[in-house]
Ligand code: NDP
Ligand code: MG
Ligand code: MG
């Protein structure tokens with residue numbers, strides 16, 4: 001089992017007299033910046049020209065600089081802009097301007113682990129990654145609680161990288177919940193695998209194939225949508241709250257018997273092989289290479305896929321059904 005650190009293991013004094021530049025003021029950025037400030041750290045925000053979030057950062061009382069300016073001022077530089085942009089911003093705006101001993105912080109390991117960012121050896125490089133969305137990181141902090149956090153040390157030039165990582169994690173509230181140490185490799189590879197095989201790729205394809213099977217067999221699409229897509233939330237909520245055992249304790253015995261007999265048939269040998277193959281392609285860099293290339297060429301495959309995915313038959317059915325649910329805010333997704 002992983003070792004867990006708490007506030008008592010962290011010393012916020014490591015942040016005394018230091019300036020933290022948070023690059024980006026989105027989901028994670030606004031939460032880190034405000035929690036750090038409330039914990040006593042000096043925080044500045046770095047954003048690009050014409051940034052949509054600049055007004056929000058200023059309204060929240062922060063000084064907003066360009067990335068170049070902020071890099072000159074900062075002792076700790078936290079990268080909280082989209083992952084695929086980090087390498088370019090590092091190379092062109094941070095690297096030429098940063099102090100010789102500035103610490104480089106990340107909330108996800110992709111750019112560093114896959115060699116998109118190669119930090120000079122004289123800099124501490126570490127990760128502080130809350131295991132929750134930014135609004136939760138901020139809301140929990142305000143309630144005196146926190147969201148569990150990961151830390152990982154990639155480069156320890158000062159000999160104190162871990163102390164700084166623990167101090168930062170504690171300052172954003174992670175030490176109230178628990179801080180787990182990992183590595184850039186483990187965080188990056190498990191994150192990619194989880195979203196591909198299970199959370200995003202796996203789950204949406206499972207739902208859609210279930211929906212399709214019922215509709216092709218002549219059942220009403222509304223029934224198929226409820227049974228194979230909409231009700232996923234009820235099951236996942238129970239797993240989230242008390243594990244699979246709690247979910248199984250709550251469902252009918254008939255559902256449990258079906259769970260037992262059908263699960264391993266749907267996710268059979270072929271799927272298990274595909275999962276191992278996905279992991280291999282994550283580990284050997286094939287996935288990272290493909291994704292970087294896709295970005296460099298203007299995302300042609302993603303654009304085509306996103307349009308088709310938005311037009312999938314289940315999406316229109318779900319939209320109509322949600323109008324029958326007055327407690328739900330009706331979402332409008334921008335068209336591709
Ligand atoms: P968001 O997409 O929510 O925020 C992006 C921010 O970066 C915006 O403020 C955006 O400004 C700004 N930005 C865009 N381009 C630039 C630029 N060229 N220079 C400076 N700033 C720029 O990102 P997230 O908070 O979701 O993700 C940040 C990091 O945190 C990523 O590494 C991600 O993997 C990691 N992470 C995210 C989690 C999450 O729940 N979202 C959880 C854990 C880790 P504008 O408003 O103008 O677009
Ligand atoms: Mg993840
Ligand atoms: Mg991810």
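Placement of Cβ uses the backbone N, Cα and C atoms for every residue, glycine included.
The Cβ of residue 108 (active site) lies under 8 Å from the Cβ of 83, 127, 129, 187, 188, 191, each on the same chain and at least six residues away in sequence. Per TrEMBL, the feature active site maps to 108.
In sequence order, 53, 80, 81, 134 are the residues of the chain that are 6 or more apart from residue 26 (NADP(+) binding site) and have a CB within less than 8 Å of its CB. Sequence annotations record features per position, and here TrEMBL assigns NADP(+) binding site to 25, 26, 27, 28, 51, 53, 134.
Feature annotation from TrEMBL assigns Mg(2+) 2 binding site to 191, 227, 231. Applying an 8 A CB threshold to same-chain residues 6 or more apart, the list for residue 231 (Mg(2+) 2 binding site) is empty. According to DSSP, residue 231 (Mg(2+) 2 binding site) sits in a coil region rather than a helix or strand.
The Cβ of residue 191 (Mg(2+) 2 binding site) has 17 neighbouring Cβ atoms from other residues within 10 Å, across all protein chains displayed. The secondary structure of residue 191 (Mg(2+) 2 binding site), as reduced to three states from DSSP, is helical. As annotated by TrEMBL, Mg(2+) 1 binding site applies to 191, 195.
Counting every protein chain shown, the Cβ of residue 252 (substrate binding site) has 8 other Cβ atoms within 10 Å. Among the features that TrEMBL reports, substrate binding site is placed at 252.
Each residue in the domain 'KARI N-terminal Rossmann' (2-182) has a pLDDT score, and their mean in this model is 97. The domain 'KARI N-terminal Rossmann' feature in TrEMBL is assigned to 2-182.
According to TrEMBL, the domain 'KARI C-terminal knotted' annotation covers 183-328.
DSSP states for the domain 'KARI C-terminal knotted' (183-328), grouped as helix (H, G, I), strand (E, B) and coil, give 122 helix, 0 strand, 24 coil.
Pairwise Cα distances among 25, 26, 27, 28, 51, 53, 134, which the record gives as the binders of NADP(+), peak at 18 Å.
Only 191, of the recorded positions 25, 51, 108, 191, 231, place a Cβ under 6 Å from an atom of ligand 2. Taking CA atoms as the reference points, residue 27 (NADP(+) binding site) and residue 195 (Mg(2+) 1 binding site) are 18 Å apart. Secondary structure from DSSP puts residue 28 (NADP(+) binding site) in a helix. Contact annotation for binding-site residues (26, 27, 134, 195) versus ligand 3: 195, each with CB under 6 Å from a ligand atom.
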